[in-house]
Each structure stands twice: as structure tokens, then as C-alpha cells.
Amino acid sequence: VFEQTGESLSSDPDQPENSKVLRVAIIGAPNAGKSTLSNQLLGRKVFAVSKKVHTTRARALGVLTEDDTQIILLDTPGLTTPTKVKRHQLEKSLLEDPWNTVKEAGLVVVMVDVSDKWACNKLDFEVLKCLTQHPDVPAVLVLNKVDLLKSKSRLLEITADLTCGVVNGRKLQVRRVIKPPWAERRTDREARTSGSGDEDKPGGDVADGEGSEALSGLSKEQLRALKTQQGWAHFKDVFMVSAVDGEDVETLKRYLVVGAKPGSWQYHSDVLTDQTPEEICTNTVREKLLEYLPKEVPYTMTQAIDLWHDRENGELDIAVKLYVKKESHMKMVIGQAGQMVARIAREAGDDLSTVFLREVKLRLSVKVKN
């Protein structure tokens, strides 16, 4: 399938008569579930997913083609700051990509993980900067992992906070009486951090924002105002999805298809992603490393593909060398009696079999690289 995709990437799109197209930028704080949503919309796992932040290291593109409509999903890294890029030895692409993506999108999907109690009362500062810089691009809010929230009234409260009580130009009817009793007992400190009541006051620490000021093109005054802003009052729609329920994702997919505008397809209908098979392999291995190894270890590792061999029986043989910086890291990757590296190879191989629709035999070896 991916050999076919490779050929299709370079071949002309098979234009239908009344072709429609929509470029969708999926943005959000790191780990909000952007790649998982992209995979669900595409119907196959193409993007790396892990519980650790910054699994997606550069923008990848997914293509969803239905009848005469093509939806191009721009999967972005979680919006981050220069300080964090330096601290975690992350690539510069993590800073530049999200901004560039929104510029070329016809719709922005902002994802928020409602099960993260620190992140769900206030839109991520970097997300707000991005939206403020591109007010002309329509945006929708997707509340993710709603199945993990026990209280439905809490969900309405979060929606009201993140939309400033306005969706598609209309005020939300959220009656305050449905607030659970504990919601009224928030400490003064929480009330201050959520930004309520402070909207008109300048101030707030802008240290993190100033580093990416050149990228965002916003003035210090605008950044200060954003620091106290809780939500975005210009969302066209709000969707609530659970990571496990395909029906919610189907509703969002229909919305995207209906929102597509007349225009030429950019890709052949066989194309699923612009990632090469090698990139998909590297990302899949990386996802497993992030999942199973402690803290900083996966972020300092590099990979090299030593072998990529198509067997006559249709199986695919892949050998990947993992480079670590320290002996101690190598021991962690290999694990007791080689169990850890075997598990990572087995699970990554299974995922690749699903993506490539063929049997994949993946072998991993580990080496210290000074």
C-alpha cells in the first residue's frame, strides 16, 4: 500500500468532476490527543501516539478522501516555547511548524484534553497566540476524552470557560444553577489563575511568550492581554469526543466533509499520508521508546535504518539501530535478559503491519554513540 502511496504522491491527483477540498490544522497543547484524532479520522494508525509530550516532532500530513471531497489533515506538534525547546533538546521545527500550518489552513481544530484538570479551564497560551494571529481562519473547539469526566455540568462549565461563553457569535445558555457545589468553593488563587475578572487588567508574567514573539508577530501589549484571557470567543462550533467512541469522531468527520469548498484535489485518492514508509517506521519505534523508557532517555536517542528488505512472500524485513548517549541508557533500552528491546520491537512491528497491511519483521539493536 505504501509503495503505491509513494507512486501516488508523485502522480497527478485523480480529479473528480466537482472536487472539493479542505485543509485542516489540528493544534493544541502537547499531549492533547491530536495524533490520535488524526488516526481516528483517517481510519488507520499513521501518526505516532504516546502519553509523553512531543511525540510528533514535525508536521505530518494525512489525506482523507471521500467521494468527491479531500480533507487534508495537518498534524502539528503541540505548541511549545523556546525555553522548553532548549530544555528538552527539541528540534526548532517544534516552534516553527504550528505557526506555518495555521497560515495555510481552511479550518483550525483546537484540541483540549478535558481530563487534564490543569489545562481544561484555560486555553493554552500558545494556542491563544496562534488563534489571535490568524483570526480570519475559522476555528472549532474539540473537547477530548469527555468519557473520563464524571460530571456533565463540569463539561458545560469548561465549554463556557474556553469559549468565553460565545459560540458562532451567540451567547451560550449555561445556567449557573447547574454548577456543582464544589465549583463555588474555588480558592482565590484558582480564581486568579483562571483569569476570571482580570480580563481588563494588564500584567501577568510574559517571560515565556516573549521568546516566540518574533514568530507570532504579536506585540508585548497583546501578549500581556492574552496572559489574562481564558478562552476564545470566535469558535464556530464545539465538539465533544471520547478517545474510545468512533461515533463522536464520525460526527466531526462529516462536519469537515460538509465544510469542504470547491477546489482541486492536491493528492491522488490512494494517498494516506506524505510521510515516507521509513519516516513512519522511525516514528512508530520512537512512540514505543517514549512509552516504555523513563523521562529523558527517549529524547536523547537517535535511529538509523540498517535494512529494508521486501521478501518474495510479501513480508517486510526491517532492521533499526538505536543510538544512545550513555551505557546506563543502553541497559534500560535492552532491559533484563533483553526483554525491553524485544517488547518494543514486537509492538512497533505489529503497528507497522497494521499500517503497511503486510507482515513486518522488525529487529532492533542498541549502540552507544558518543
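Note that the numbers count up from 1, one per residue, in the order the chain is shown.
Every residue, even glycine, has its Cβ placed from backbone N, Cα and C.
In TrEMBL, annotation is done automatically, which means it is predicted and not curated.
The compositional bias 'Basic and acidic residues' annotation in TrEMBL covers 183-203.
Marked as domain 'Era-type G' by TrEMBL: 20-263.
In terms of DSSP secondary structure, the domain 'KH type-2' (289-370) contains 37 helix, 27 strand, 18 coil. The annotation domain 'KH type-2' is assigned in TrEMBL to 289-370.
Summarising the annotation, TrEMBL assigns region 'G1' to 28-35.
The region 'G2' annotation in TrEMBL covers 54-58.
According to TrEMBL, the region 'G3' annotation covers 75-78.
Annotated region 'G4' per TrEMBL: 144-147, in sequence order. Per DSSP, the secondary structure of the region 'G4' (144-147) breaks down as 2 helix, 1 strand, 1 coil.
Under the heading region 'Disordered', TrEMBL lists 183-213.
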Intrachain residues whose Cβ lies under 8 Å of the region 'G4' (144-147), provided they are six or more past its termini: 32-33, 37, 111-115, 155, 240-245
Per-residue pLDDT averaged over the region 'G1' (28-35), given as an integer: 76
Secondary structure tally of the region 'G1' (28-35) (DSSP, helix then strand then coil): 2 helix, 1 strand, 5 coil
